[in-house]
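**Q** Take a look at this one; I'll ask things after.
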Amino acid sequence: MAAGHLAFAFGLLGNVISFMVYLAPLPTFRQIYKKKSSEGFQSIPYVVALFSAMLWIYYALLKSDTTLLITINSVGCFIETIYVAVHLFYAPKKARVQTLKLIVLLIVCGFGFIVLSTHFLVKASKQANVVGWFCLVFSLCVFVAPLCIVRKVIRTKSVEYMPFLLSFFLTLSAVMWFFYGLLIKDYVIAIPNVLGFSFGVLQMVLYSIYRNADKISTEQKLPEIQTQIIILDNHKIPELNEKIIDIAKLGELLSSEKIQVVSQLNNNGIEAPQHPNLPKESHV
């Protein structure tokens, strides 16, 4: 009885935390709505999340005492459907076609194949086990996906593309669902979350290691910029000043020679040309 209450507590916490994870992309879609463009954001994570939620709902319907699994994945289906619809509405034609192809491949063909094959080709008593294996394999693939981000963080020494809060909530979610699956003795739920917890901890460790990498590299570049400014002040400016003085002297010399030529012309009785904007001299 105590184990049942504990399982319910972990399942309820898993619902709350998973709901927060589902809401994590809201700032991205708010930006898409404001700019009326998908801005190159990929729809793959949202279509995959929608497929995963649908698969877990189908598995939960074949099992008993999995109400908490149905509730969170139903909410997930609703939220992910909105995300996909918004992406389709604001995406350019090429991205929209790619998203529709992915929906047909995963949702229509993939999920449709799993439902029809297990319903017609598998005995009712074995259907939950078969669908459970599909859920297990797919969940493992989803949890392995962040390895690309981990590799990028290690290569670039930057955590720009790995938000800490998202990694933190994903790790907490994996912990809650692991204990929920363990307490209700459903290893299809528990096993994938072991991998999810491991990768979540790895991401947070990498974040703590590389979070100050950008700041350190910026501080190392600042002295070089200051040195260049000092060199410019000490060497370049005197040279520029000398050139300006030489140009000024040359201008004065040319002006004095022009005045001498004009005065000689006037002395010889030849009228010097005047500027068109200046009034002509009046001779009395």
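Cβ atoms are placed via backbone N, Cα and C, with glycine included.
This is the feature table in TrEMBL:
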{"type": "TRANSMEM", "residues": "6-24", "note": "transmembrane segment"}
{"type": "TRANSMEM", "residues": "44-62", "note": "transmembrane segment"}
{"type": "TRANSMEM", "residues": "68-90", "note": "transmembrane segment"}
{"type": "TRANSMEM", "residues": "102-122", "note": "transmembrane segment"}
{"type": "TRANSMEM", "residues": "128-149", "note": "transmembrane segment"}
{"type": "TRANSMEM", "residues": "161-183", "note": "transmembrane segment"}
{"type": "TRANSMEM", "residues": "189-210", "note": "transmembrane segment"}
**Q** Counting only pairs 6 or more apart in sequence, are there at least 3 Cβ pairs under 8 Å between the transmembrane segment (161-183) and the transmembrane segment (6-24)?
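**A** Touching, yes - the transmembrane segment (161-183) and the transmembrane segment (6-24) meet the threshold of 3 or more Cβ pairs under 8 Å.
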**Q** Quickly jot the same-chain residues contacting the transmembrane segment (128-149) by Cβ under 8 Å, restricted to those at least six beyond its ends, or write none.
**A** 48, 51-52, 55-56, 58-59, 62-63, 114, 118, 122, 161-162, 188, 191-192, 195-196, 199, 203
**Q** Ranking 44-62, 68-90, 189-210 by Cβ pairs under 8 Å to the transmembrane segment (6-24), which is first?
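**A** Checked against 44-62, 68-90, 189-210; highest Cβ contact count belongs to 68-90.
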**Q** Taking residues 6+ outside the transmembrane segment (44-62), which of them lie with a CB under 8 Å of any CB in it?
**A** 22, 25, 69-70, 73-74, 76-77, 80-81, 83-84, 87, 99, 102-103, 106-107, 110-111, 114-115, 127-128, 131-132, 134-135, 138-139, 142, 188
